[in-house]
Structure formats: structure tokens, C-alpha cells
Amino acid sequence: MTEIILTLESGTLSRLQDEIMEMRSVRDSFDIIEVRGDYFKDVNTLVRAIAMIRDSIDKPVLYTYRTEKEGGQGALLGEDYLYHLATIQKSIPVDYIDVEILQVSDPTIVEQLKRYSKVILSHHDFNGTPSDAVMTGIIDEMTAAKGDFYKIAYMPQTPEDVERVVAVLEQSKEKFGDIVTAISMGELGTKTRTSVEFPSRFTYGTLNEPQAPGQVNVAKLREIYGGTK
Ligand SMILES: O=C1C[C@@](O)(C(=O)O)C[C@@H](O)[C@@H]1O
């Protein structure tokens with residue numbers, strides 16, 4: 001089963017108001033709403049934004065704070081990153097939380113985060129695709145950290161890079177079941193987002209502007225993957 005995650009573009013409450021209207025008009029096209037905390041200036045605004053979303057649409061919320069190191073806009077790292085995630089969890093319910101494995105890999109800490117939200121352990125490289133050994137090593141770290149879901153997203157330089165990511169997806173699904181997402185970004189990697197032949201647990205789409213290279217519209221994803229919740 002592939003669930004469709006809508007990545008929101010907003011970083012301000014006024015933009016969010018418009019985005020909520022748009023989102024409500026295509027509510028059947030997605031299963032989960034991803035709020036990108038790294039787009040917002042401060043935690044208070046962010047918590048109000050999540051509250052606005054929760055009040056206006058009855059769908060699970062995924063909270064993501066993507067660091068600059070992994071292609072986002074967030075400057076917090078290490079302890080500060082963890083403190084930020086814990087602060088959000090304690091301020092407002094979030095159903096899922098994205099946790100970068102390079103920032104948090106201690107299973108005890110992951111266990112604590114899991115008390116409040118399902119944990120998606122993640123790793124990204126917006127410039128290239130790591131070697132097979134590195135990708136497998138990252139998945140092993142995720143297994144050791146005991147997240148609920150694992151996600152990798154890499155930029156391919158060649159069609160072979162896309163195939164390598166698909167191979168890691170298939171091997172990992174065999175080992176761990178339907179909890180793995182593997183994205184090859186950009187145009188080259190489109191099939192990892194849109195093909196029912198290589199289904200990941202989650203596929204990320206957008207309403208308008210792609211929030212990562214290669215993201216497509218959620219309505220198109222719903223046509224491809226079918227199903228509503
Ligand atoms: O990690 C991901 C996946 C993503 O990078 C993508 O390629 O669709 C988009 C991000 O918003 C999300 O947090």
C-alpha cells in the first residue's frame with residue numbers, strides 16, 4: 001500500500017490560509033499532510049500553523065524539519081534539532097515525525113519520540129546517490145535505531161543510480177516489509193514516485209510547486225495509486 005503525502009509549501013500563516021483552501025478542494029487526493037517546519041521562522045507560528053491545519057482538515061499530519069545538510073532550510077543540528085522536534089511534539093499532536101538518522105540514531109531517543117508520533121527515519125542527498133554499501137549501511141542504522149518507517153531520497157546522476165535505489169528498495173522491503181520508501185529525485189527518477197511497479201510505503205507530492213526535484217501533483221498520484229482513506 002502506497003500512501004500519498006502532500007508536502008505543503010507554506011512558511012507563513014497567510015500563505016497557509018490559501019493553501020488550506022486548495023488542500024480542502026482536493027482532499028481525496030492525499031492521505032497525510034507534511035508540514036515543513038524548516039520553512040517557518042519561529043516555533044510559535046509553526047505551532048499555530050499545525051493547529052490551523054488540524055482544525056480545517058481531518059488528515060494525519062507529518063512534521064518534518066529538514067536540515068540544510070539534507071536539502072532543507074533548517075539550521076538546527078544535533079541536540080538543538082532533537083530539542084526542536086521534542087518541543088513540537090509536546091506543543092501539538094503530530095501523527096508522524098521525520099527524523100534524520102544522521103542527527104538522531106540512538107534507539108532510546110527514537111523510542112521517546114515514538115511515544116508521541118510514528119517515526120519516519122530519513123536520509124537524503126540532493127546532489128548525488130551514495131554507493132550501494134553506503135545506502136545499505138544507512139538502512140542498517142535505521143534498523144538499529146528502530147524507527148517505524150525508513151526513507152531514503154537521493155539525486156541520480158545516471159539511470160543506473162535510479163536502478164540502484166530501486167534495488168535497495170526491493171531488498172529492504174523483502175527484509176523489513178512495507179515500511180520502506182526509496183526516492184530517486186529529479187526527472188530521471190520519476191518512476192520511483194509514480195510507478196506502481198516499485199511501490200514505496202510513501203510517495204510525496206505537491207499542490208503546485210514541487211518541494212523537491214521531481215515531485216508531482218497529488219491528484220496525479222491518486223490516479224496512479226488509487227485508493228482513499
Ligand atoms: O523527505 C522528503 C521527500 C522529499 O525530499 C521528496 O523528494 O519528495 C520531499 C520532502 O518534503 C520530504 O520530507
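Quick reminder: no glycine exception, Cβ is built from N, Cα and C everywhere.
Record note: TrEMBL gives Glu34, Val35, Arg36, Arg66, Gln215 as 3-dehydroquinate-binding, and the candidate from Arg15, Arg193, Arg201 in that site is Arg193. Residues from the binding-site residues list (Val35, Arg193, Gln215) with a C-beta closer than 6 Å to any atom of ligand 1: Gln215.
When the Cα atoms are compared, Lys151 (active site, schiff-base intermediate with substrate) and His124 (active site, proton donor/acceptor) turn out to be 8 Å apart.
For Arg193 (3-dehydroquinate binding site), the same-chain residues lying six or more positions away in sequence with a CB closer than 8 A to its CB are Ile183, Thr203, Tyr204, Gly205, Gly214, Gln215, Val216, Leu221.
The two recorded residues, Arg36 (3-dehydroquinate binding site) and His124 (active site, proton donor/acceptor), show a Cα separation of 15 Å. Under 8 Å, Cβ to Cβ, and six or more positions away along its own chain, Val35 (3-dehydroquinate binding site) finds Leu8, Leu46, Ala49, Ile50, Ile53, Val61, Leu62, Tyr63, Thr64, Val94.
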